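Enquirer: Have a look at the structure that comes next, please.
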Amino acid sequence: MTRKWIKKLQSYIGEFFASFIFGFAVYTSIIGSAQTGQSAGPIIVALTIALSGVAIIYSFCDITVAHFNPAITFSAMCFRRLPFFGGIFIIIFQVAGFIIAGLASVAVLPGKYKNKLEIARPKRVADNVSRGRIFGTEFFLTAILVYVAFAVGVNPYTPPKDEHGDQLDPDEGLTEGRKITAPLAIGFTLGFCALLGIASSGGAFNPGIVLSPMILTGTWDFWWVYLLGQFSGGLLGGGLQRFLLYKIF
């Protein structure tokens, strides 16, 4: 096996573990908050999502794309920030990581298997929440997340340089420092987006988070609404950053 293929395999495995850790954090915080009757449940979940996201990106960004979100990966593929077939494999490993995370979460917490997965499964929070509201919530939340991910990580602005490698505008050197804080920006975005969907879709904005409990329970209510909103929202967010809001020198 060549060095190139070893690096690719390491990247796929890294994305699997990044997705597993994120999924485990999300599912256990959701289930645990519900089981213990925490009135601050949404805050607990949002903080868990934000802090785990920051830790995962810092830990895995040297060996993999550290998306742990198929909507980000799909948008990166569509806008040629990621090879198509490589992106497909990354998404497969992401979903696998979330499925194992779902199983691990129900294994470590008390209660019946399916009851715990039903708690973790994204769903409308009230009967009067329509498909359109679920779609709209997931669409806009995913668009926001993917825009930020593109701006600071997937497709960040790169200051132009002359033939000697010097930046044409010395002040642009400050831009390079944003790469260090990119995980913080993405983590904060994960956190506040998690709070914005609590009255409608529950705020998933991640196809992997949606698919795992649905696959494990066999309950597919509104699955296409969630996925359509997330993938289309991701395309909007990525497209805006790539073609409209990318800095012009």
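The backbone N, Cα and C atoms fix where each Cβ goes, glycine too.
Per Swiss-Prot, the feature topological domain 'Cytoplasmic' maps to 1-11, 61-83, 155-179; the stated evidence is sequence analysis. The feature transmembrane segment is assigned by Swiss-Prot to 12-32, 40-60, 84-104, 134-154, 180-200, 224-246, with sequence analysis given as support. For 33-39, 105-133, 201-223, the entry in Swiss-Prot reads topological domain 'Extracellular', with the evidence type sequence analysis.
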Enquirer: Sequence gap of 6 or more, Cβ distance under 8 Å, 3 or more pairs: do the transmembrane segment (134-154) and the transmembrane segment (12-32) meet that?
Expert: no
Enquirer: When DSSP states are grouped into helix, strand and coil, how many residues of the topological domain 'Extracellular' (105-133) land in each?
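Expert: The breakdown for the topological domain 'Extracellular' (105-133) reads 15 helix, 0 strand, 14 coil.
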Enquirer: What stretch, picked from 12-32, 40-60, 180-200, 224-246, has the most CB pairs under 8 A with the transmembrane segment (84-104)?
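Expert: Stretch with the highest Cβ contact count: 12-32.
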Enquirer: Restricting to the same chain and to residues at least six past its boundaries, which positions have a Cβ under 8 Å from a Cβ of the transmembrane segment (12-32)?
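Expert: Residues 38, 41, 44-45, 48-49, 52-53, 56, 59-60, 63-68, 89-90, 93-98, 100-102, 104-106, 108-109, 111, 116, 119-120, 208-209, 212-213 contact the transmembrane segment (12-32) from elsewhere in the chain.
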Enquirer: Do any residues of this chain, six or more beyond the ends of the topological domain 'Extracellular' (201-223), have a C-beta under 8 angstroms from a C-beta of it, and if so which?
Expert: 19, 23, 26-27, 68-71, 94-95, 97-99, 101-103, 114, 117-118, 120-125, 129, 131, 133-134, 137-138, 141-142, 145, 193-195, 229-231, 233
